[in-house]
Every structure is written in structure tokens, then in C-alpha cells.
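Structure first, commentary second.
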């Protein structure tokens with residue numbers, strides 16, 4: 001099968017399967033009488049709208065003015081990130097399969113053809129499901145769905161190949177190897193900082209999810225009370241729970257923004273932060289019953305420690321990577337460690353905090369949106385505020401992690417970099433490499449000693465008492481018969497030179513000549529001189 005066709009089939013199946021999953025959920029609610037006036041055709045159309053919204057495509061909403069709503073038109077772009085993870089995960093597996101089917105540098109062929117097919121599917125969905133009160137732009141539907149699919153496919157392919165040259169055919173590592181030592185240090189340092197920032201962002205989102213779970217558990221009575229007040233029955237409760245599960249990652253990002261101090265909006269007039277909650281009318285959703293009260297105690301500001309702890313974890317992880325070449329470079333330029341160590345630590349913390357802040361700001365931008373109607377046109381955290389506060393808190397934590405990390409690694413925190421075979425013996429990674437080298441050297445010495453205990457087997461037909469005979473002359477075994485002019489024929493060992501004859505042919509038995517034991521043939525090596 002051609003690679004381009006395989007890419008079309010793989011990513012085309014991702015589009016179809018992701019739509020069928022949404023359609024199955026909607027049909028289950030419809031069969032349980034969850035949508036009385038929807039109808040079967042309306043179920044297909046609603047599934048298409050949900051599929052487009054899950055793929056980051058904004059929807060234009062235009063309701064009948066007779067509905068009594070303050071705003072009759074608007075844009076619905078509050079993306080349910082929980083549903084966005086479905087095409088991301090499916091494209092992850094598709095990318096892995098495509099990477100295994102390609103030779104080095106060929107991945108772009110099925111990758112681009114598959115993305116083109118996915119773009120066509122999105123545009124067709126916008127044309128098919130638009131009309132009436134909800135519609136989508138075909139151009140937007142052709143572009144925005146590529147974001148989660150392209151990212152998931154590329155990450156999955158990289159996880160399968162473990163090599164960027166294998167995917168794009170460009171070996172950046174080889175180019176870096178041809179540069180100077182300082183360039184290699186800079187590349188390793190930047191890559192380690194990027195990964196440390198990713199660790200801080202993941203830890204921060206995990207802390208937000210834990211904070212959300214604690215809030216739901218603490219206010220579970222209020223959550224159940226909202227379900228009872230709605231009185232939608234089992235089908236309605238099922239649909240409502242599915243809707244909240246789709247927005248569960250959004251709520252985790254909101255909780256993280258609340259922990260940073262930036263807070264989040266739930267429509268105009270409603271703002272929640274550790275300093276207090278400005279309450280306004282909010283949608284009657286069970287999950288929103290876990291909102292913090294308007295008056296909070298002073299100790300509520302302790303939640304700011306969560307992003308700082310995420311930074312500490314990132315700083316410790318960066319230290320364990322052993323790629324703090326900024327500190328190495330400063331130590332080489334200025335021997336005063338009381339200046340270079342604090343300066344390099346502060347700069348590393350700032351860099352890690354900047355990377356983590358940008359990543360969380362992107363998540364905040366994805367989780368922010370509008371429901372398109374009335375007051376609910378501004379829902380979610382403010383991205384720049386989250387970038388500033390989370391970046392500063394992670395920077396402080398990363399600097400602390402770099403300082404306290406050596407205590408967990410059992411090394412002095414202010415020890416200067418020490419040279420070594422790999423130039424980093426003063427780091428945890430360098431010490432691990434040194435221990436690995438010592439184990440390998442010990443194993444090699446043991447193997448040589450065990451090989452030295454084996455006596456080399458003499459040549460065929462050789463006896464220890466045959467030195468000095470016509471076949472076994474004074475130079476030891478295997479030197480050949482003497483000719484009439486006093487020289488010897490080239491025997492089976494002659495190609496290895498006189499050193500072989502003098503050491504008892506140790507090299508022929510894969511034994512080091514310096515450690516091979518003396519044999520009886522060595523005793524006759526100093527036989528009578530040639531005549």
C-alpha cells in the first residue's frame with residue numbers, strides 16, 4: 001500500500017471513529033428520552049456540532065428573539081477539552097502505526113496526506129451540519145481540527161521512532177556534534193530547561209486536578225442538591241454528567257488558575273480567586289456548586305504553595321538531568337562560586353518558570369471561551385495573568401529545587417564542577433556514568449583473569465617433549481619444517497609473527513599475551529641456535 005494512502009486511511013479512521021463515539025453518546029441519551037423534541041436527524045446534527053466544538057472549531061449561534069434571552073446571536077467557542085483528548089489519543093496511535101510503516105525520512109508523506117484528508121472531513125462536516133440556529137465556517141472547520149490531530153500524530157510517531165531524524169530526515173544531533181563544545185553545552189542546557197518547564201506545567205495541572213477533586217468532595221452535598229433541584233431524571237442526569245466530564249479538564253485548569261492567584265471568570269460579574277469570590281448568577285450545573293464562598297479565611301492563600309511545589313519538583317528534576325552547563329560555563333569564567341552559583345541558579349529558575357508559564361498560558365487560552373449567550377461570554381482564566389503569576393511562582397520553586405536538590409542527592413550544594421572523562425563527574429549523571437564505567441572495567445578484568453586460567457591448547461600433533469625436532473624446531477610449535485638452507489617453512493602460526501611463537505600463541509586463543517600463563521612451549525623457545 002502506498003504511504004500516502006495509508007496516511008489517508010489512518011487519519012480518516014480517526015475522524016470517523018471520533019464522530020461515531022460522539023454520535024453513540026448522543027443516541028444513548030436520545031433513546032433514554034433525554035431529548036424529547038430532538039429527533040433522530042437532530043441527534044446526527046447535534047453530534048456533528050459537538051464533534052466540531054471538540055476539535056476547537058467555533059460555532060455561530062443565532063436563536064429566535066422570542067426566546068427571551070438578552071443576546072440572540074453569539075459565538076460558542078468554550079471547547080470541552082475532555083472530548084478533545086479523544087481525537088488526540090486516536091491520532092497518537094495512528095501516528096505510531098505510520099511511523100512503524102515508514103523508512104527514515106518518509107513519515108511526512110503519510111502524515112501530510114492524512115492531515116489533508118482530515119481537513120477535508122472537517123470542512124464537509126461544517127457544510128453538512130450547518131444551518132438553522134447553529135452553524136460553522138467551512139474554512140475554520142478545515143483548519144482548527146488539525147491542531148489536536150497533528151500534535152497527537154507527531155507525538156505518537158516520535159514515541160514510536162524515538163528519533164527526529166527518523167521522522168523528518170534531518171539529523172540535528174549530528175549538526176550539533178560538528179559545532180563547538182559551548183554550542184553542545186547550550187543545546188543540552190536549553191533542551192533540559194524545556195523539559196523541566198514541561199514537568200512544572202504537568203505538575204501544576206495535576207495540582208489543579210487534585211484541588212478540584214478536594215473541592216468536589218468537600219461540597220458533595222451541594223453537588224447532589226443541584227441534581228435534585230434540576231429533577232431531570234436518569235436520562236437528563238446522564239447527559240448532564242457527560243457534559244461535565246467533557247469540561248472536567250477545563251475545570252482543572254480553572255482550579256490551577258485559582259491556585260496561582262489569578263483566578264477565573266464565570267461570566268461578567270463573577271470572579272473567583274483566593275482573595276475572595278465576586279458572586280453573580282452562574283449556570284445551574286452541579287460541578288459549579290464547588291465554587292469557593294465569597295468570604296475566604298486568610299489561610300486560603302496557602303494554595304499559592306502548590307505552583308511553588310511544582311517548581312521545586314521541576315528544579316530537582318533539572319538537577320538530576322545533570323545538564324546545568326550554564327553553571328559549568330560560569331564556573332569556568334569566574335572562579336568565585338559565591339557569585340556564579342546563585343546567579344546560575346536564579347537564571348535557571350527564571351528560564352524554567354518562563355517555559356512553564358507559557359505552557360500553562362496556552363492551556364488557559366484553550367480552556368477560556370464563550371457560551372455565546374447572555375452573560376456567559378467570558379468564561380475561564382485570564383491567560384497573561386496566569387503566565388505572569390504561575391511563571392514567577394515556578395521560577396521561585398525551581399531555584400529552591402536546584403538548591404535543595406543536592407541534599408537529596410547526597411552531594412555538597414556549592415561544589416564546583418569537576419572534570420572527568422565525560423566532563424561532568426561532579427553531577428549526579430556524571431557520577432552514575434563513572435559508576436557504570438567502574439562496573440564495566442571490573443567485569444572486563446574478571447573476564448581477563450578467568451581467560452588467563454585456561455591453558456592454551458597446543459597445535460595439532462604437538463607434544464611437549466618434541467622441542468628441537470625436525471618438525472618442532474627451536475622456535476616453538478607451528479614454525480614449520482627446516483629446509484635445506486636452514487630456513488623454516490611458513491607454518492600455520494607464521495602469519496601472526498614471532499610474537500605469537502614467543503608467547504605460546506596467546507592471541508590465537510583470544511587471551512591477552514600479557515596475562516597468558518607460561519607453557520611448556522615457552523621453555524623451549526630458547527633452544528639451540530640455528531646453524
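Backbone N, Cα and C atoms are what each Cβ position is placed from, and that goes for glycine too.
As annotated by TrEMBL, compositional bias 'Basic residues' applies to 446-461. According to TrEMBL, the feature compositional bias 'Basic and acidic residues' maps to 462-474. The region 'Disordered' feature in TrEMBL is assigned to 413-531. The feature transmembrane segment is assigned by TrEMBL to 12-31, 38-57, 69-90, 111-130, 136-158, 192-218, 298-319, 340-366, 386-408.
If you look at the transmembrane segment (111-130), the same-chain residues 6 or more away from its ends with a CB under 8 A from one of its CBs are 3-5, 7-8, 10-12, 14-16, 19, 44-45, 48-49, 51-52, 55, 57, 94-95, 98, 136-146, 149-150, 153-154, 157. Remote same-chain residues near the transmembrane segment (69-90) are listed as 14-15, 17-18, 21-22, 50, 53-56, 58-63, 134, 145, 148-149, 151-152, 243, 245-250, 253, 366-375, 377, 379-380 (criterion: CB distance under 8 Å, separation of at least six residues from the stretch ends). Within the chain carrying the transmembrane segment (192-218), a Cβ under 8 angstroms from the stretch's Cβ atoms is held by residues 248, 251-259, 287, 290, 292, 303, 306-307, 309-311, 313-315, 317-318, 321, 323-324, 348, 351-356, 358-360, 363, 390, 394, 397-398, all 6 or more beyond its ends.
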